[in-house]
Amino acid sequence: MIETLSVPERRTGTILAILLALMGLAMAAAARHGVMSAHGFMALGLGLGLAFRLGGGLYESEPPKDRMHRYYDAPTRFGIVMTLVWAMIGMGVGVWVAALLYWPEATPPWPATCFGRLRPVHTTGIIFGFGGNALIATSFHVLQRTSRARMADNLSPWVVLIGYNLFCAWAITGYLMGSTQSKEYAEAEWYADLWLVVIWVTYFALYIRTLARRNEPHIYVANWYYLAFILVVAMLHIVNNLALPVRLTVAESFPVWSGVQDAMVQWWYGHNAVAFFLTAGFLGMLYYFLPVRSGRPIWSYRLSIVSFWGITFFYIWVGSHHLHYTALPYWAQTLGMTFSVMLLVPSWASAGNAIATLNGAWHKVRDDATLRFMFVAAVFYGLSTFEGSFLAIRPVNSLSHYTDWTVGHVHSGTLGWVAMIVFGAIYTLVPQLGGKKDMASPRAVEWHFWLAVTGTLVYVVSMWNAGITQGLMWRAYDANGALSYSFVQSVQAMAPYYLLRTIGGGLFLTGAAICAWNCRATMRGAAGQATDRPLVAQAAE
Amino acid sequence: MLKLHYNLEKVSMGLVAAIIVAASIGGIVEIAPLFTIDETVELPDDLRPHTPLELAGREIYIREGCYACHSQMVRSLADEIDRYGPYSLASESAYDHPMLWGSKRTGPDLARLGGKYSDAWHVAHLIDPRSVVPVSIMPSYPWLTRPLDTDLLSDSLATLARLGVPYDDGMIASAAADALAQSRPDSAAMDGFQERYGERPAARAFDGDPSRLTEMDALVAYLQSLGTLTDAPFRTQAEDSR
Amino acid sequence: MRNPTDPRNLPGADPHTGNRKIDPVTGYDTTGHDWGGITELNTAFPKIVIWALVLTFLYSVVSWILLPAWPTGRDYTRGLLGLDQGEEAIKGFNDLSDRRQDWLSRFSGDDFDALRADAALMAAAMPAAARLFSDNCAACHGTLGQGGPGFPVLSDDTWLWSGDPEEIAMTIRHGINADDPDTRYAEMPPFDWMERPDRIALAEFVADLPNGPADFESSAGTLFSENCGSCHGETGAGGLEIGAPSLTDRAMIYGQYPEAVMLTLRHGRHGVMPAWTGRLSEAEINLLALYVAQLGQHGGGPR
Ligand code: HEM
Ligand code: HEM
Ligand SMILES: [Ca+2]
Ligand SMILES: [Ca+2]
Ligand SMILES: [Cu+2]
């Protein structure tokens, strides 16, 4: 990082790092004990570490003068490394919690490691840690390439990435220590939420400033999606996390919303975390890496427009499909159901557009595991959105809700779509960033592909079986009109599926570990520069 | 249209504005009316907020992530009424910041749990679920026997009061004392507790040991309060059945 | 004004040469933009997408007309069907109750002997009873009524109160030491006033009771007769139907070893069996009473 910054930038960076350390010190001192003080010390340590690194290297040799005419890839490289680190954490914990449901006796007798605290570590670690770092890292790459402009400045990418990872680390260490708001996918406590707002504003400003420097008058579709991701996530995050801290010095707060309104706000957020975090952002990724890797033009510009606005407009309405038959008023459920059905059209239009883009490149799909990752991602994107719209229909949801069917749907989306597209992007990016022609071991990519596909299928199919069995058992009536099964019988019936799911997850994790190793081997040594064409300087707006 | 878009995608702030507009409408249409349509939440007269001890238990429920496996929302479906009892009403969670309706039933729904089991059973079950339900896959929570920290209780009540939960100044001031009193019904503080919260909240040594105020006391008190804060769901069910 | 959809004016024309790049695979031209090598085709908008949009929109409109759907400020559109999900659920529940009516209602009365004699009725009812038992009682008494530490066995033939279905129904209805005005009351008083050596002797004596004839003339035996016989019976066999358990069977609630008895003697016992009125209907309670009575007879339940 330091070798890419000029002396004045290093100076500003040092000041920012010292400010971070001071903030941490203030938190630790004010809170004195408990989670918030631990988090204060984390910030203090990080700030001091950065300050020493930057301040200590203040007068090390400067980057070449013409750096502003090249793309700035060092932050992307860091983001990819963090993506892989979080993949190991998030998926490792995923496999572990999956195992705990089969083998609960394995829970160690201390608080930090029981299922209830680890589950949000998995979801936050994987969605925000793995997914978020992948999105930020690739967005930096895509933004520069599709704008043919270097990042607007050299410090904010680091602020965004480091600050964002501090948020993730605060969040999951908080859960382990017992601090959580319990709002799904937004469990982090109030000060972490505030911190994320600051980081996000920086991210948005950087994005928009860089876009303004672009050398192509039109903004490419990938950037529409990344923009929607940044903007809507900010909106959702702020509204859903509004809370009053119990005291300014403790990591405990009460959300301002309560009861049915809280439920609606939570799932308006929760669903659109799916839509704008796990979907819009990754569609941006797909829209860049798929055409690049396949060497094909996007199949239909017009279809892109309709899908983009369809997704942006329809998605926001559908959160209430998480609350069918609950105390949420019926009218809101009807809206959630109908908009979910309409949402299928733009969703499939995107998947279709991606798959049609491969027309003329099918031989590459056959031969290139990287492109195959992207192809499978598009297929699973289509599958999981179809499934989603189906699950959103009230009578279907009466069976599936609360069961492992939801979990199956989730992982067909997250393993099959999100993780696959990330791996596709990583395998395209990493050689390029390292100045190599290909990954260190193309065979390992092939292995990873098949492990990932098998793992996903085993996971998803076992959870479909589990969920449907569970749902049917809960509502089964015998000939005499009496419930046939007690609840624990349904718990017992899950055992084989939970075991299978653990195995499927293990396969997927193995593949991801191979990926991490392969990326390390590829990145090591060569600190090459990306070989893309240099910039022509001129602003578009 | 195409032309319009063709121009829009050349102006980044235009695109930003369009995204914000497109992505705001749905949320506004679905959320705002939940505050304006009166029948959304009809507060029953007998609805009581949680006592300080129950509230502390609720925080433990949240801390341990029980909501990851247990719902507290009986849906309006015949089989759920059959298995769990009257379907849940919006008013029941009106004072819940946040709501704990849940989204996964790895374990059964807990909305109607209060009074279903004895305190002793809960204690045994939480310390080691498999000692009472051999096939259970619920984790053990042996550390819940540690002392309860009541330091934040007054501030918690005060914060909730600011958000509209009916806690008065007396309740806020004596929150910690009331928590202790509820777990030690023979103590002198009991009168004050009943003056503030009435006779309805159960007051017992929930963990079986009146000499110590533990996290177990709080969590069991909370579990025993589930579904007992108002009788409204039972009344609604009785009315509709006729 | 240029019509952007007219192929001749399409932006696909290369801005410099005026030539359009035709993609050999699809036969379409591109939009003429190039983002670091990425281009887009000007493919015509697929008709099927329009049709799909129209179709899903129609589905939605029909739903909005029939069901509660759009908020209107302080109210919302109710929909032609006038549905209310709570009422629907209750209706469904009432239908279920009707389906069960012909056999379940027979359990509302309390002529247990007649019910027990009706084999066909019992065959229909026992699976329902087993499910009710498993969802409500098994957590304490075990799936087969085998009990557990702190919770009595229901599948043997000694009873705290009585093995009569009437009495069992009474226990289920109002519980023991429960939060119910009519609950049964049964308390084992603490004997902490007793000298510790005496308690130890007594504990060993009691823990040994199931192992065969005991010597009630011994000093521990005398202690027993003086202090305990009134509740647990002269020989400790219980059966007095006052909630005091038999101490001579091998199904001690709290454990058949001196340490457990010591605890009982030191602190007393106050076991709580919840009351089920309100949670279960009268017929369901009677059904369970018969089920439990049978558990005792068969030592393990009909299933
Ligand atoms: C190694 C692969 C993985 C395994 C073994 C795994 C396992 C699990 C398990 C056991 C649960 C809890 C389910 C329950 O409570 O019953 C879960 C939940 C979840 N996981 Fe994963 N997971 C994996 C990968 C991922 C990935 C890659 C993502 C996202 C990118 C993800 C996102 C989620 C989400 C969002 C939930 C919450 C679902 C809900 O609340 O319904 N998981 N996962
Ligand atoms: C058209 C698109 C989609 C629709 C209409 C949709 C709909 C649904 C529905 C109805 C549920 C079940 C809610 C419940 O009963 O609790 C659900 C859950 C979920 N879906 Fe989707 N889905 C879509 C696409 C996706 C995709 C692509 C992903 C992931 C990449 C995803 C991730 C999730 C997650 C994480 C949950 C679990 C939420 C929770 O309970 O914690 N969905 N979705
Ligand atoms: Ca939060
Ligand atoms: Ca206590
Ligand atoms: Cu959703």
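Cβ from N, Cα, C; glycine included.
What TrEMBL says about this one:
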- A:15-511: domain 'Cytochrome oxidase subunit I profile' (DOMAIN)
- A:80-103: transmembrane segment (TRANSMEM)
- A:123-143: transmembrane segment (TRANSMEM)
- A:155-178: transmembrane segment (TRANSMEM)
- A:190-212: transmembrane segment (TRANSMEM)
- A:224-248: transmembrane segment (TRANSMEM)
- A:268-289: transmembrane segment (TRANSMEM)
- A:301-318: transmembrane segment (TRANSMEM)
- A:330-349: transmembrane segment (TRANSMEM)
- A:370-393: transmembrane segment (TRANSMEM)
- A:413-430: transmembrane segment (TRANSMEM)
- A:450-477: transmembrane segment (TRANSMEM)
- A:497-517: transmembrane segment (TRANSMEM)
* Asked: What stretch, picked from A:123-143, A:190-212, A:370-393, has the most CB pairs under 8 A with the transmembrane segment (A:80-103)?
  -> A:123-143
* Sequence-remote contacts (6 or more beyond its ends) of the transmembrane segment (A:497-517), Cβ cut-off under 8 Å? -> 84, 87-88, 91-92, 94-95, 98-99, 101-102, 404, 415, 419, 423, 426-427, 444-445, 447-452, 454-460, 462-463, 465-466, 469
* **Proximity verdict for the transmembrane segment (A:370-393) and the transmembrane segment (A:268-289), three or more C-beta pairs under 8 Å** => yes
* **Averaged pLDDT, computed only over the residues in the domain 'Cytochrome oxidase subunit I profile' (A:15-511)** => 96
* To do: Return yes if the transmembrane segment (A:268-289) and the transmembrane segment (A:450-477) have at least 3 CB pairs under 8 Å (sequence gap of 6 or more), otherwise no.
  => no
* Going along the chain, which residues at least six beyond the ends of the transmembrane segment (A:123-143) come within the CB cut-off of under 8 Å? -> 71-73, 75-80, 82-83, 85-87, 89-91, 93-94, 151, 157, 160-161, 164-165, 167-168, 171-172, 175, 184-185, 187-188, 203, 207, 210-211, 222-223, 226, 229, 273, 277-278, 281-282, 284-285, 288-289, 414, 418-419, 422, 425-426, 429
* Restricting to the same chain and to residues at least six past its boundaries, which positions have a Cβ under 8 Å from a Cβ of the transmembrane segment (A:190-212)? -> 27, 36, 39, 136, 139, 143-144, 147, 149-153, 156-157, 159-160, 163-164, 166-167, 170-171, 174, 181, 219, 223, 226-227, 230-231, 233-234, 237-238, 241, 243, 245, 251, 253, 539-541
* Asked: Same chain, outside the transmembrane segment (A:413-430) by at least 6, Cβ under 8 Å from its Cβ: which residues?
  -> 76, 80, 83-84, 87, 126-127, 130-131, 134, 138, 141, 274, 278, 282, 285-286, 288-290, 292-293, 369-371, 373-374, 376-377, 379-381, 383-385, 388, 439, 445, 448, 452, 455-456, 459-460, 508, 512, 515, 519, 522-523
